[in-house]
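> Take this structure, written in structure tokens, and hold onto it; I'll ask about it next.
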Amino acid sequence: MAKKTPGYACSSCGHRVSKWVGRCPSCSEWGTVEGVAAPVAVVGTTGGSAARTPSLSGLTPTSPARKVTDIDPTGAEHRPSGIGELDRVLGGGVVPGSAVLLAGEPGVGKSTLLLEVANRWARLGRSVLYLTAEESVGQVRQRAGRTDALSPDLWLAAEHDLETALGQIEVTQPELVIIDSLQTIHANGVEGVAGGVAQTRAVAATLTTFAKSTGIPVLVVGHVTKDGAVAGPRTVEHLVDVVLHFEGDRHSALRFLRGQKNRFGATDEVGCFEQTAEGIREVADPSGLFLHEREEPVSGTSVTVLMDGRRPMVGEIQTLALPSGQHTPRRVVTGIDTGRVATILAVLAQRCELDLMGHEVYAATVGGMRISEPAADLATALALASTCHDHALPTGLVAVGEVGLGGEVRRVPDLRQRLAEAARLGFTSAFVPASTRSSDQVRVSGLRIMPVRTVSEALTELGLSQPVRRG
Ligand SMILES: [Zn+2]
């Protein structure tokens, strides 16, 4: 029987080593040394496995097949990071042995977020090493002081060199490693400057095999530039286990964390954060941020419920329309797809006798919300009708539904969740697409549901059905 201790071998030249190293001592490649299972002596456990008899190839599977019923459905053991909004996107927390890439444009707050992750992780009594190649340790220490991130389990080091960075990790033996950033760490013996394609790949590959071999999770920052830089995170996405995108508008304090790839969970979750003077704060209940609070209802505004991933968010649409003498009237649209607004204007003109084609039209969302789904169509149509008649919609009303070219209101996914969210925030009535299937009838306590088949029906209901024709 062969010995059970696993060894390591270079996937490039086959050189074997007893201990994991970042760089192969034989061929000098980075990130090619991987754990190889020495022939496994299978211990009979629950139901046994398929690998008891020697295989025809003479090789023993590294992880023998198991019965589906014996496998933990979550697939991985997630450890909570201490930040709920991050854990939501990660699928429950940080998985030991995983490499996570946090991508985002410069200045969006990636370093601030990861320092906060380090802080929360350390406050749970677990050690974390924050390796910076972007700033000096003094600068990070200052930032940590400002954001109240001074925990004795948080270790700082400044390293630009991959080899010494790995040495630091070996000495510190942390339970989590954070590296800022992928583009500023240099791998010796690899052509190109730090941040170049070859360099970035070598660093990412090494960090991934490091995480896998030691079980220590690695979170690494990757910069993306607006033009989709050549050596950006795109070139290393396939090497890491998880890719998260941290994004936000320059003019808004709101930040969103989205999963783009996740070997251990779903990618349709979104985390919400707010950038404040004290650092990054998680926003567990973002819905109210997209509403403008006012005492008196104002014409031209309406409220809808969007789905961002699996998360419903209530948001406000504001519009203005005024007669224009111009041949081509102005259309200024922010946060909504310009094409959708144009389509809705055409539908209103053609199907609802509400002709705003000769009007200047302004449409915007509140709080930097971006609307990318047609479920907001009906609310947009109602807002435009409301401004046109200078007649405010009732307070407490939300509208959900896609608008077709025939003026019909179409069904949207996750209606029940959207309405439940509206009710939770205190809304009292909702226009929803009328469904022909009785099984689709949605009831949400506290909410008066008003099914409509067409935009016209909703306008009639609101007393906004008087024709408006082009001057
Ligand atoms: Zn090698």
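Glycine is treated like the rest: Cβ placed from N, Cα and C.
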> Would you please say which range out of 211-215, 231-235, 261-265 has the annotation motif 'RadA KNRFG motif' in TrEMBL?
261-265
> So if I draw a 10 Å sphere around the Cβ of Gly104 (ATP binding site), how many other Cβ atoms end up inside it?
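Other Cβ atoms found within 10 Å: 22.
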> Within a 10 Å radius around the Cβ, which one of these binding-site residues has the most neighbouring Cβ atoms: Pro106, Gly107, Gly109?
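For the binding-site residues Pro106, Gly107, Gly109, the Cβ with the most other Cβ atoms within 10 Å is Gly109.
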> Starting from the Cβ centroid of Gly104, Glu105, Pro106, Gly107, Val108, Gly109, Lys110, Ser111, the recorded ATP site, name every other residue in that chain with its Cβ within 8 Å, sequence order please.
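Filtered neighbour residues, in order: His223, Phe246.
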> Once the DSSP letters are reduced so that anything not helix or strand counts as coil, what is Gly104 (ATP binding site)?
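Looking at the DSSP assignment, Gly104 (ATP binding site) belongs to a strand.
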> Within the region 'Lon-protease-like' (360-471) only, compute the mean pLDDT.
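Across the region 'Lon-protease-like' (360-471), the average pLDDT comes out at 90.
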> Is it possible to get the count of other C-beta atoms within 10 angstroms of the C-beta of Ser111 (ATP binding site)?
24
